[in-house]
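Step one of this worksheet: look at the structure below.
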Amino acid sequence: MADVGDLKADGSQLRERPSAKPLHLNNSDDAKQKVLKLNDQEDKDHKNDESKKRTYGRTPDGTVFIVPQTHDMVSQLLSPSQPKNLSDIAVLAVLASLILTFYALPKSARVPIFAIIFLFWRAGYNAGIGWLLDGQSKHNRLVLWAKQSHIFEKPETGKNPNPALYKLLKRELETKIPKDYKFEEAPLEYNTWLVFRRVVDLILMCDFVSYCLFALACFNRPQESWFLWALRWTTGIILFLFNLWVKLDAHRVVKDFAWYWGDFFYLIDQSLTFDGVFEMAPHPMYSVGYAGYYGIALMMASYKVLAISIIAHAAQFAFLILVESRHIDKLYNPPPPRLKTFLFVNAFAWRLWYTLGLGYILDRQSKKKNWTKHFIKYGDTKEEAWRQWKSLYHLSMTMSHASFVALAWKMYSLPPDGLTGLTLFRHVLGAGMIALQVWTAMSIYESLGEFGWFCGDFFFDPPSKSLTYNGIYRFLNNPERVLGLAGVWGIAIITWSPAVFYVATTAHILNLAFLQFVEKPHVIKLYGENLREMSGVSKTVRQALPDPVRQWQSAADQYINTTVESIEAMLDRARSKFAGSVDTFVNDTTSLFKSYPARIPISRHHSEDLSGLNLKQYKLEIEGTTLPPAVEQQKNGGREGELARTPAIRTNDFKTLCLEYGAPIRVRWQAPLNHSKKDWIGLYMVTDNQSRKVTRISSNGRWVATNPDAFDSTRADDGILVSDKLLPANDNDEESTDCYTGEVEFHGDKLWWTTGVFEFRYHHGGRHHVMALSQAFEIRIPKFDETDVEVDDNGTIHRAVEETLLPIIQNCFDRDPEIAPSTSEEPFGSLVERDGKFARRVVFAVHQMFGIEFAPEVVQADGTVRNLAWRICNAKKVLAPYSMSATHGRNTPTMG
């Protein structure tokens, strides 16, 4: 780097640029500031010459390094100017084998085989790469694999078990990156990313080539006019070229770093301008970037290609939602406010109710008059049913629109550059669409009146058996289908938020379903042949079209109607057949189990050779914050028999271990020298395990490894304090031998946040064989005894409640100084409001200690220990008339 090995803290000597040796800084924040400074300096020094500009990145541990220039996969594989290596030859060989397979197969076998091949590579892309990236994002799994395998360490150190693989990787990667890169000096994260992207190259190239070969196998020449042929090919080519431009422009903006998901491994801090295709649509590489698939389907004139394109596109969106978006939110976005989530769920729920809920009521009313029957059953009239329906419909419609506007208002943010360019166009277009929907709604109400607006013909017989086509209905048969949701889309275009677009899309689909499956059958039943087949606008447009297009439209309409009727008939047949098959299956299965009542044993562990391990050398000791001895007296409350009311007499020095609720617990372990590095310690309720030798219930995350880096998860190492510390044998004990000791701490989410009796279990080799058990201990929340505290100067117990409450709340907040208060006046940290688990812990403790149950929102609203203590005292005053226990102080108002 610049020489990053010789860089000073103030950033001097940045212009010397001798080597690419990384710089190791103290923490991630310092590294971020250094990278920003370096990249800004490079932008200034080489503003007019991009070829000489270097890019700097950083790893999570604070290592700053030069990110060498790399090239896209197509250039690497096919460009003669780019150096080639063994992995390039392997990828090209796989691609060549796909092409040879295509030509070797008979035409009848190409379609099914290449459909399977493409779906395999698509699964490798979305499921395979998605799984790897998800593990890397959550647990740093790929980097941990590389670290544990030592494949990037020099063979001279003796740690690398595969020197030949090291030399191969060094030759492969340095061949590809001749400038600013040394294999042995590059950070572990960057080398891991380089190997990962070679796997990505193979999967992505095979995915695209197998799709193209499948499309060629499905090529079809339909009988059509020259006009349709030209229209189909022109549209397909335009979509394909548009797809190509989207990919190239996206790569121009994000470079290889984002193209190959580099931010899952390391980060580049610099100022980027997201122009071009990124101003056109959200996530352009996954949305409009798949237009070429549909263009190819058009050119091939194949519904099979269209179907598999839709499947691939849907899988890509699933990859975006489940993997990439979660990582982006985790890395770049602060935790989303709970209000936004609530507003989204609220708008979505109201839209579902408005279409599905009201649609179901209207469907039952149309077929069985269920709504009217319900009111008549309880003594009301059909007029009352009609009035109640109008109220419900109006409320549902108002809340549906209001909740959507509230969501859009919360999601909307004015761009930093103001209303200019495309942003201004979006606002003008959106405002126009909103005005269009308002005008449409007013026109519909003027034409239909109150009776038609509230679907009156579902409840009363219409005054006429023929529809009157006036107002807006003179031009459109069903304006709600075409213009009814224009304003919803206008708001979505203005906000430009994925959440608002999702609700708008859902609303449109549900509206079309309502019109097709609820309103249309009812209108046909009422008015039958008196319906107008074609609206005024449709008739005018149809007359302006050429004859071939009109003929094609008629044929297409007939084909679609025939297809819909066939599908409905097929579903009816399948429904009856499926119901009969299910009955047969249930009867056969029942008789089979009656005939063969065998028990199938299920075991969750495999037999394993534990010879050579001495169980006597495994030990566990517990150290935690114990409760005062006075708490033990709360066990005896006068509820026992006469003999059991006195404290039990012990015959040894054993003491019951009773620990504080939520306090960290340290566990010291001892194991033989040959113990497995994948040993682990779990925390369980004593009553959850019947066996003392094998654990048969999951720990739900309440476990810590004995040795660091033994598992593919950073969570496993959280809590390790000491590992494999040699404990020499006791010379005075002949049976004593050398052994290892260590210490781990259970805190936060690794604790049980309830009361009960628990134990720690030491497990062998990453499995569930129990090698040692700790002493059973109890987690208890002592009752607050008002008779045993002193009142303050005001005659209240407020101060005593504060003092009792403060340590409990500190434990509930994981004793984290960022959120846990150090005094009763200090406010809670902001994380308490964002994550409800902290408030729920406090609510449970308060209920156990004071006998008062609060909602978690009360804890978040109070914000300090003092306020919460005041609320507890006030609640005890209010509930005092219902309590028979004696109290100190003035708990009820005095008359005087």
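Cβ from N, Cα, C; glycine included.
Feature list (source: Swiss-Prot):
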- 1-19: compositional bias 'Basic and acidic residues' (COMPBIAS)
- 27-53: compositional bias 'Basic and acidic residues' (COMPBIAS)
- 1-61: region 'Disordered' (REGION)
- 1-85: topological domain 'Lumenal' (TOPO_DOM)
- 107-112: topological domain 'Cytoplasmic' (TOPO_DOM)
- 134-198: topological domain 'Lumenal' (TOPO_DOM)
- 220-225: topological domain 'Cytoplasmic' (TOPO_DOM)
- 247-256: topological domain 'Lumenal' (TOPO_DOM)
- 301-304: topological domain 'Lumenal' (TOPO_DOM)
- 326-341: topological domain 'Cytoplasmic' (TOPO_DOM)
- 363-403: topological domain 'Lumenal' (TOPO_DOM)
- 449-481: topological domain 'Lumenal' (TOPO_DOM)
- 503-896: topological domain 'Cytoplasmic' (TOPO_DOM)
- 86-106: transmembrane segment (TRANSMEM)
- 113-133: transmembrane segment (TRANSMEM)
- 199-219: transmembrane segment (TRANSMEM)
- 226-246: transmembrane segment (TRANSMEM)
- 257-277: transmembrane segment (TRANSMEM)
- 280-300: transmembrane segment (TRANSMEM)
- 305-325: transmembrane segment (TRANSMEM)
- 342-362: transmembrane segment (TRANSMEM)
- 404-424: transmembrane segment (TRANSMEM)
- 428-448: transmembrane segment (TRANSMEM)
- 482-502: transmembrane segment (TRANSMEM)
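Between the transmembrane segment (199-219) and the listed ranges 113-133, 226-246, 305-325, 342-362, 482-502, the one holding the most Cβ pairs under 8 Å is 113-133. For the topological domain 'Lumenal' (301-304), the number of residues in each DSSP class (helix H, G, I; strand E, B; coil) is 2 helix, 0 strand, 2 coil.
Contact count against the transmembrane segment (113-133) (Cβ pairs under 8 Å) is highest for 305-325, out of 226-246, 305-325, 428-448, 482-502. Cβ atoms under 8 Å from those of the transmembrane segment (342-362) belong to residues 370-371, 389, 392-393, 396-397, 399-400, 403-404, 406-407, 410, 455, 458, 499, 503, 506-507, 510-511, 513-514, 517-519, 522 of the same chain, restricted to positions at least 6 beyond its ends. Secondary structure of the topological domain 'Lumenal' (134-198) per DSSP, as helix, strand and coil residue counts: 43 helix, 0 strand, 22 coil.
Taken together, the residues of the topological domain 'Lumenal' (449-481) have an average pLDDT of 72. Assigned with DSSP, the residues of the topological domain 'Cytoplasmic' (107-112) fall into helix, strand and coil as follows: 6 helix, 0 strand, 0 coil. Tertiary neighbourhood of the topological domain 'Cytoplasmic' (107-112): same-chain residues 213-214, 217-218, 304, selected by CB-CB distance under 8 Å and a gap of 6+ residues from either end.
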